[in-house]
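Participant: TrEMBL lists these features:
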type     : residues : note
COMPBIAS : 647-656  : compositional bias 'Polar residues'
DOMAIN   : 228-615  : domain 'Acyltransferase 3'
REGION   : 638-667  : region 'Disordered'
TRANSMEM : 154-173  : transmembrane segment
TRANSMEM : 230-251  : transmembrane segment
TRANSMEM : 271-293  : transmembrane segment
TRANSMEM : 314-333  : transmembrane segment
TRANSMEM : 377-398  : transmembrane segment
TRANSMEM : 405-425  : transmembrane segment
TRANSMEM : 460-476  : transmembrane segment
TRANSMEM : 488-511  : transmembrane segment
TRANSMEM : 531-552  : transmembrane segment
TRANSMEM : 564-583  : transmembrane segment
TRANSMEM : 595-619  : transmembrane segment
Amino acid sequence: MPKLWQMDDYDECLESPGPGEPPGVYCGLSVVLKPNNRSELWKLIEKFSSDYKRHYNHQVLKWGVCIKRCQKAIEKLSPAERNALTVEPFPIDVRYKFNDGILENIPTYREAYHDVLEICVNKELNDTYGLVAHTEILSCDKSTDEVVIDALDMSFLIVLCALVCFVTLSSWYDSSMNYKRTSDHYRHPLDSKRKMVWVSFSIQRNWYRLTSRSKDELNQKLRFFQPFRFLTMSLVIFGHASLLLSVTPTTDTEKLERIMHSVGSMILTNGAQFTQTFLGISGALLAIQFCSFTEKRKGKVSFLYIPFAILYRYVRLTPVYAFVILLHATWLLKLQTGPLWRWGAETEQTFCRRNWWTNLLYINNYVHADEPCVQQAWYLGAEFQIFIIALIVLVTIVKIPRAKVLILGLMLLAGYVIPALFIYYQKLEGTYIITLEAQRYIFWYDKYYLHAYIPTHINFGNYIQGVLTGVIYNELQKRSINLAQSKVFSIVWYLTFAIVFLSMLPSYMFYVNDFPTPSVWMAAYFVVSKNLYGIGTGIVILGLIYGVNGVFKRMLNYPFFEPLGRLAYGAFLVHPFVMRLMFFTARGPVHYSDLLTLSLVFGATVMSCLMALVLCLLIELPTTALQNHLFGNFKEQKSNHTDRESGTNGTNQTLINPGLAGKQSEL
């Protein structure tokens, strides 16, 4: 069969032309083979591609073509030969291009180069395979292209310069207040709130906040969450690297298709569900912290507390998030070049300039989800929405304690029933199907991704199970029950790892069979298998809190993980930016060996953490410090003489601030 990827030399094509020569032009194409039932090769392509769950659609090829080479290749063809190699439009029911209007100047390029490219491509296809195709221009680069800087690009530079100035001045001021020239100066609050506001951007003080360890008893028990965040983040990066192997040109596409024929591939394919552990962690931490707070306030919490907590969390999450969105909307496209760069960077720039508001309102997993800006941030939208629901539920059970079991039971039931109903009525499979063909367009237009992966109602159950874990822990504390003393729980705790791991394997049956839909049993299987992650996460959390395996807990409590866990949120936001620079700058098909893949994953993890460190010291920690001062958290910091290690969600952001809660307790 024709190779899925075929690419001319990009840099040679765009070398500066000589005097009087036309500029070099390099175009990325989708080549859609025309059906030909008289061709045995076409019948093979059609049959092989029909296994759409495990194979690419080999009717659609991706080529990178130099216009100069094409012009030379067809210059001796007669008009009749050219006409024979021109394909009239034919019905196409497969995805082969981006939606119109995403990449600039495509209509102009089509008008100028379509005929030349189609004749050139068809000459090669016909000579080699006896087939012809419809050719669609996806993008074109010219040697005369210049970088254009607009007002939005300048706004990013202004914001960046302002942040650097704030950090520099704040650090200088903080240093000037250090009369004794000791490092302890940065560990303690200054003697006035005004001075603390001035040192909010101090890099020395924020470095201490990043690397410090709280001595609070509850935070010591929950310290293992930091390595949880970092390790889960590393698995997310590995999963996204696997995705980009399918998106970018490779010399061995057959290897990926062979992997999809293995039951063991479900470990890799279902790795996308590891984000559910973030949801379980978030729900558990929210409930544990909220229960601790209500006990200190003796149950005096008003519903008016909810909007303040939501506002507090929004301010915590959004500044660094908005900065990353602005980066993607401006300078990402200008950082690199290559035959794939516009596909991976200009699409992101267009989506962010169009749909940034859906991200900042945290509704991006529903609104314009097929044109995502900062695509991985669907998780932030889903989690923020579930956070609001869970917070209302927790306040309600505090106000109506007798209905606690009923309310939590109904919420847990909803977490199972609602997704099952959607899976049934939308006629979806019993698992989230990840096809190679959907990955070629980064899932933008994939129905499984849009309806069975990113919606809040699909991910609701595992967060609520995390909340239930936190409530159970609170009840165990009240009754002085130590789960580490229970042999039954210890056995269940160890078995959980194997059960969750093995639960991925049965999903293979949905890749090799086309079961009729809608199906009640598939809807039930979907919610049970998905929510096993929440159950497993809850069991593991409780076991680690009580020290079922002391050696494992001590390993997770190693100080090295403390700052890495706190950088997880920033790494979560920036790792696709890093991976675009690593993968989409390829000049041609690459042979991705296992060692090269691991090297790329490791490199992406390190670079993401380094970028997250910059964002943390430049934006995240300074805005957190300002927020604490604005919400009256200064007194708590002063009395503790240490920066409190906040209870955080799965992406390292404070869920509820005790200082804020205390301030608003009279409401």
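Residue 1 is the first one shown; counting continues down the chain.
Every residue gets a Cβ built from N, Cα and C, even glycine.
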Participant: Cβ pairs under 8 Å with the transmembrane segment (460-476): which stretch of 271-293, 314-333, 564-583 has the most?
Facilitator: 271-293
Participant: Let me spell it out: take the transmembrane segment (564-583), skip the flanking residues so only those 6+ beyond its ends count, and list any with a Cβ under 8 Å from a Cβ in it.
Facilitator: 210, 225-230, 232-233, 236-237, 240-241, 244, 247-248, 320-321, 324, 327-328, 332, 335-336, 344-345, 348, 374-377, 379, 600, 603-605, 607-609, 611-613, 615-616, 620, 648, 651-653
Participant: Using a Cβ cut-off of under 8 Å, list the residues of the same chain at least 6 residues beyond the transmembrane segment (154-173) that approach it.
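Facilitator: Contacts of the transmembrane segment (154-173) (Cβ under 8 Å, skipping residues fewer than 6 from its ends): 198-204, 323, 326-327, 330-331, 617-619, 622.
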Participant: Within the domain 'Acyltransferase 3' (228-615) only, compute the mean pLDDT.
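Facilitator: That stretch averages a pLDDT of 91.
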Participant: Most CB pairs under 8 Å with the transmembrane segment (377-398): which of 230-251, 271-293, 314-333, 405-425, 531-552?
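Facilitator: When the Cβ pairs under 8 Å are tallied, 271-293 comes out ahead.
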